[in-house]
Amino acid sequence: MHELSITEELLKTIVAKAEEAKARKISRINLVIGEYAGVVEDSVKMCFDILSQDTMAKGALLEFKRIPAEFRCRLCGHTFPSGQHALVCPKCQGWNAEVIAGNEFFIESIEVDDESQSS
């Protein structure tokens, strides 16, 4: 399960950024995941819940925004969404398409409680 190593790095990055901002606690993390990123949301959530137990991210809400796959035909330049025959261009029927969206996986934003706020 590669989600474990992905989530470990994700947590390190999130905690480091929160510490830079002098945050007291991380409350929400907004992630962007492309349709073809090969990342399973439920697995990331499960790993995050376990790995974040002794960190400022414990109990933080993970939100996922899915980006649909989009392709560009290398023959005619037409762009099109994924479908039943994702790699076949619907315009020229060519089989030479490249993925131009849908491979993303990144942190969109982190919401924190700063040190100046009281509990």
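Just so it is clear, glycine is given a Cβ too, placed from its N, Cα and C backbone atoms.
Swiss-Prot lists HIS2 with the feature Ni(2+) binding site. Residues annotated as Zn(2+) binding site in Swiss-Prot: CYS73, CYS76, CYS89, CYS92.
Structure coloured by features recorded in Swiss-Prot.
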| residue | record | contacts (Cβ under 8 Å, 6+ apart) |
| --- | --- | --- |
| HIS2 | Ni(2+) binding site | GLY38 |
| CYS73 | Zn(2+) binding site | THR79, PHE80, CYS89, LYS91, CYS92, GLY94, ASN96, ALA97 |
| CYS76 | Zn(2+) binding site | CYS89, LYS91, CYS92, GLY94 |
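Looking only at other Cβ atoms within 10 Å, the busiest spot among the binding-site residues CYS89, CYS92 turns out to be CYS89.
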